[in-house]
């Protein structure tokens, strides 16, 4: 079983939320929500390994290390290619003696309807958003099992729970629903040695959304605004930390109330 975090009841809540001395790996960590996750983890004391594909991560890694006094590393990896994911974990294990936290944050969205998109576009979204999470988890699981501990926090989406409007994005919605069910399945399979959770962001200003606020989304959200990347990243901190030592199989929705209406 996964026991409570060490001295859980006697520790201050701020200490439980601290990641000091822990090693975190964030796939898709060079930009957007992934970059915010790396920054928040580093602020909490974790060393960070940024795994990127299209956006080089060296600049982000250097800035995060300098700002927080932690160690950061990078490597390039296409999560849809199993051999590349295996290679990434081999590189990670060269610098981290333990891997405490893994975040599969890879994701794309073409924003096309089922009629307009091609077979190849649909398959590509499933490959990146769902199969990519599996490929990362497939490599993280044996490491967690050998260590006897680990926390995997994947990026799902409110789109995996509801069909959000006004845009049409059937492939994205389908892939993120799959991520949520995959995480629940892994939480049960890995119950003896790891915690597995996911965060489902709502409409967020990030690189995926062009780095701008989308006014057309605001009327659909009770808060009448888009979320900030750091507001989303804070949820990952909780699930990755010792404070969440009884949380597994959780889909933490952070959407400004969108899925409540």
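Glycine is no exception: its Cβ is also placed from the backbone N, Cα and C atoms.
Computed from a predicted structure; not experimentally measured.
Among the candidates 33, 50, 126, 143, the one that Swiss-Prot lists alongside 78, 105, 172, 176, 206 as binding NADP(+) is 33. Each residue contributes its Cα atom, and for residue 78 (NADP(+) binding site) and residue 176 (active site, lowers pKa of active site Tyr) these two points are 18 Å apart. Across the structure, residue 105 (NADP(+) binding site) and residue 172 (active site, proton acceptor) place their CA atoms 14 angstrom apart.
Comparing residue 33 (NADP(+) binding site) with residue 172 (active site, proton acceptor), their Cα atoms are 17 Å apart once rounded.
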